[in-house]
Amino acid sequence: MSIFPKISLRLEVENYLKAGFMNEEVVSALGKEAAERKFETLLHKLSCPPSFTTVRVNTHLASVQHVKSLLFDELQKQFSGLSFPILQHPDLQDVLLIPVIGPRNNIKQQPCEVIVGAQCGNAVLRGAHVYVPGIVSASKFMKGGDVVSVYSDIKGKCKKGAKEFDGTKIFLGNGISERSRKEIFSRLPELKGIGVRMTDPVYLSPSFDSVLPSYLFLQNLPSAVVSHVLDPQPGEKILDLCAAPGGKTTHIAALMRDQGEVIALDKISNKVEKIKQNALLLGLNSIRAFCFDGTKALKLDTVKDTDGEPPFLPESFDRILLDAPCSGMGQRPNMACTWTLKEVTSYQPLQRKLFTVAAELLKPGGVLVYSTCTVTLAENEEQVAWALKTFPHLQLQRQDPQVGGEGMLGAGLSSEQRKRLQRFDPCVVPSQDSDTGSLGDARIEDMIWLANKDCIGFFIAKFVKCKST
């Protein structure tokens, strides 16, 4: 069982999500009690990390087996005395899976406490150390070298620099303080390095801080599936319409063997710089990144040539990935979301604007993949139903590889149409503990199944644009 509470949401947001997961079609198929249990399971699963850490190998620079061997040596250094299996995904040959151990319930909490922000806490649950900017509070007499217990302030109530905090806090594990309280909160100069090195976390997961940075990219499993579904080919012209931070962009380029052209757009300049940095780090030369609003990427006049820069003429791309901005309600772990209902529901119109641009920019016979990291019906299956009605020249396609489950009921899609979608829904897996002993007894097939199911919430749809007759 999870030692964490279910995700904390505003009541209006929880009711909105519940209405989607308990719509008439779902209740008719499952029954009211089963549908309600499934929704409650989802809320609990969202607060916990996935069962596996997923890394993608940069096959442009090295073979999977070579990188797997290097990673094995690295894990031996991190976890002396513990043996972690590294699994190669059978359907995603460039993906490696490392089991997460936990939750570990026998960790002794220390009198010296460090309180971190919720975002920092989520990163710790996935293997990160605590960096100084994430620290909100520390015990009065904390010195460098002290053993400390780290807690997440999931509701954001702790005051910066407080010496103690009695509000809602979730225990994340123990670590060694790298800095004194005085250093952390002196603010002169501003510190950015590791503040607490986690030594005994509740969820034991590898740290990938500066680990094989040119060979590995830390990526959620469904995010790696997306680029394989797009299936880019050498020599093609590909558009990643909302590309930051560049994980899928660089994956697309690697799958094309860095032959062709990958255009990456994002409207925030520092995120575009991150895409360029990732491309450089991974040795990929086919990527061109631009700071540009994807909703304006369609060129409406043909008078002025933009010389390969946005905006673009209609029917310019062989394949387009629209990994759309979304409510992010599938991200894990996430113990608290303070968003209002207005914020959660604000993405559907933007997604439709971007989809309309993508449909125009796609060549006849081209492939458009739409994806989100959320679980809402409105941003996923309802968008597919809208797209099929609005763009009769787009056809829903079967996906390969098919790793997730079929689409959810409630948007009026046929059974065949739902089977052509991929919905990654963590609530299909009951909560369970994982320890090193159970790993030794587990079959590889069972671990792969668990990795496929117990991941973040995610959605993928694949369309092809019919050729004109």
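Keep in mind that glycine also has a Cβ here, set from the backbone N, Cα and C atoms.
Per TrEMBL, the feature active site, nucleophile maps to C373.
Taken from TrEMBL, the feature S-adenosyl-L-methionine binding site covers C242, A243, A244, P245, G246, G247, K248, D266, D293, D323.
If you look up TrEMBL, you'll see 141-466 marked as domain 'SAM-dependent MTase RsmB/NOP-type'.
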_Site extent for S-adenosyl-L-methionine (largest Cα pair distance over C242, A243, A244, P245, G246, G247, K248, D266, D293, D323, Å)_ = 19
_Neighbouring C-beta atoms (10 Å sphere around the C-beta of K248 (S-adenosyl-L-methionine binding site))_ = 26
_Euclidean distance between Cα atoms of C373 (active site, nucleophile) and C242 (S-adenosyl-L-methionine binding site), Å_ = 13
*So what pLDDT does the domain 'SAM-dependent MTase RsmB/NOP-type' (141-466) average out to?*
94
*Between A244 (S-adenosyl-L-methionine binding site) and C373 (active site, nucleophile), how far is it from one CA atom to the other, in Å?*
14
